[in-house]
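Notes to accompany the following structure.
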Amino acid sequence: MKRRNAECGKIRRPGKRAKITEGIYGSTFVYIKFLVLWALLLLADFILELRFEFLWPFWLLLRSVYDSFKYQGLAFSVFFVFIALTSDMICFLFLPVHVLFFVASTYVWGQYVWHTGMAERGICLPTLSLWLFFMYIEATVRLKDIKNTAFHLDLCRPFAAHCIGYPMVTMSFCVKSYIGYRMRLRKQKEVAKENDFYLQLLQQALPPE
């Protein structure tokens, strides 16, 4: 029996090491895949003089409109689209072009990191390094080419404004939901205190046994 237990213990140790190694290789593969995708989009942007990454928030808007129409009805969907377009117009009219493109591009890649599941690992050094690297490339390389692409600049500018306006709308809805949640918790605590008070009154009103 001792030999069997010893053999079982020896067999289990490589399994733990395999899981750790698999997790390391899996996270490394995710970052490599992300960098390859970023490099391909960057190459396509330079060749065609467009900003394909600005289409990502537009796709998120379509998904949000579909979900809101499916679960909350047509009226809320129209209201959501109106608020999003109003926010986009404010960003389009009042933000400078350099600020608009810089913030839009850095937000898109940060949002993509969040949606691809890297955020499940928390705020770690590789993720922060990626964001800083993208911000550096955007500030030192890509913003210098904006003046040379006037036509494509006008074409991409509304999408860049949407990259900033859409998260402002979604964040405002998240803040509204959080405030409503806190108010419900507060109301529940008040009701619980009242129930405890009335329960004590009922217990005091009962005759002693």
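Each residue's number is its place along the chain shown, starting with 1.
Just so it is clear, glycine is given a Cβ too, placed from its N, Cα and C backbone atoms.
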Under TrEMBL, the annotation transmembrane segment belongs to which of these stretches: 50-67, 68-85, 122-139?
122-139
Who are the chain neighbours of the transmembrane segment (122-139) in space, where the CB to CB distance is under 8 Å and they lie at least 6 residues beyond its ends?
27, 31, 34-35, 38, 42, 101-102, 105-106, 109-110, 113
